[in-house]
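So that you can see what the record holds, here are the features copied from TrEMBL:
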type	residues	note
BINDING	11-17, 39-41, 306, 332-334, 413-415	GTP binding site
ACT_SITE	12	active site, proton acceptor
BINDING	12, 13, 14, 15, 37, 38, 39, 40, 127, 141, 237, 304	IMP binding site
BINDING	12, 39	Mg(2+) binding site
ACT_SITE	40	active site, proton donor
BINDING	300, 301, 302, 303, 304, 305, 306	substrate binding site
Ligand code: GDP
């Protein structure tokens, strides 16, 4: 069976933890989109890890990790990550890299940084991992596909063509050093050496695995609201964050995705710019940020403080709907245990009217949150393993959210560890 694990919100919902947990029963874990720009934090028997490119299932020796064709493959980052986990005692993972994945080049990162610099105060808050330039090139058909590393004639011709085009921008728009096709060729040769042992037709591999009845997890990066089509465009990422894209970015039939586990966080956080209706500021935000996640809400890639907010039913309902949710995993609920009262955003007031449907960006920017305040439970719920044992007000919070978003919360995560989970 194929299951997708995806985010309902702006990312950082705890997909890594849920994937790591579900990977115990899985055979194959596939990354199908995104690149090294966002990270997953995972805490398990080996310690605490921040992964950017490897799927969250790499810590088990029974799983195979697949980097799907939809991923922005940063080969040096991938290898650094493999080395880091091995150095810390994790057995060498079984890794397969799609021959149709495309490669993040060093110039993609440079272009990312140059563009942020050019935009100055109007920048997107990119992590400068090269993701937007990478996907632009992919769709402009000037990207390098892993398979092309094995066609020397093609490479030699293509590096010249690509450099020609890039150098116009480097010279005239950015006034930066130009690319030398020879250097690009050398860079690609380095990547070839590194990636060669892992390359295969991963879609064919998954096709066989489905036939054999293997358990496959598709692991999403970021969340619905960062999707380029259905998110807060243009403050989005450059590849689709939706479960539906799992079919494309992994190369499996859409009808094989039987479960969509949408990870939804019990409060809100976001990185980067863009409308964030239930955002909070000052001491209130600082306290939630400090207590949030595991050791505070700071970016796994950049260490940047995340923007904080109360739970947003409008955004989360939409986030779950666009994913095609079958199950909601409601995470980091334990963090809210310090609050006397917990505001929840239940509607947006836009130009004098209240709506519970998530609007496009130009209206979102005008939205004022409508809050309902629920009583807190004022205790630590970590360690609780059954739903019945949760404090009454905590159950009320879960059930209130479930009713507002309209999708079943079948898992409640009450701590960062693998076992901190309550099934309903
Ligand atoms: P991802 O990108 O969706 O995987 O999310 P991140 O890993 O960036 O952020 C989630 C953070 O919350 C990580 O530091 C996790 O260890 C932590 N986390 C996940 N689930 C829980 C939970 O239920 N409770 C607490 N306190 N922390 C959690």
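Even glycines carry a Cβ here, placed using N, Cα and C.
Curation plays no part in TrEMBL annotations; they are all automatic predictions.
Quick caveat, the model's predicted, so the values are computed rather than measured.
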*Distance, the residue listed as 'active site, proton acceptor' to residue 39 (IMP binding site) (CA atoms, angstrom)*: 8
*Taking the recorded positions 12, 127, 302, 303, 304, 305, which residues show a Cβ-atom distance to ligand 1 below 6 Å?*
12
*Using C-alpha atoms, which one of the recorded positions 12, 14, 40, 302, 303 comes nearest to residue 237 (IMP binding site)?*
12
_Helix, strand or coil at residue 17 (GTP binding site) [DSSP, three-state]_ = helix
*Sort out for me which one of 11, 14, 39 has the most neighbouring CB atoms within 10 A, since those are the binding-site residues we care about.*
11
*What is the interatomic distance between the Cα atoms of residue 127 (IMP binding site) and residue 41 (GTP binding site), given in whole Å?*
17
*Have a look around residue 333 (GTP binding site) and count the other CB atoms within 10 A of its CB, chains all included.*
25
*Reported as an integer number of Å, what is the Cα distance between residue 37 (IMP binding site) and residue 14 (GTP binding site)?*
16
*asked:* Distance check, please: Cα of residue 14 (GTP binding site) against Cα of residue 40 (active site, proton donor), rounded to an integer number of angstrom.
replied: 7
*Please give the greatest C-alpha separation between any two of the IMP-binding residues 12, 13, 14, 15, 37, 38, 39, 40, 127, 141, 237, 304, in angstrom, as a whole number.*
34
*Round to the nearest Å and give the CA-to-CA distance linking residue 306 (substrate binding site) with residue 414 (GTP binding site).*
20
*Taking Cα atoms as reference points, which of the recorded positions 12, 40, 303, 304, 305 is nearest to residue 333 (GTP binding site)?*
12
*The one of 127, 302, 414 whose CB sees the fewest other CB atoms within 10 Å, among these binding-site residues*: 302
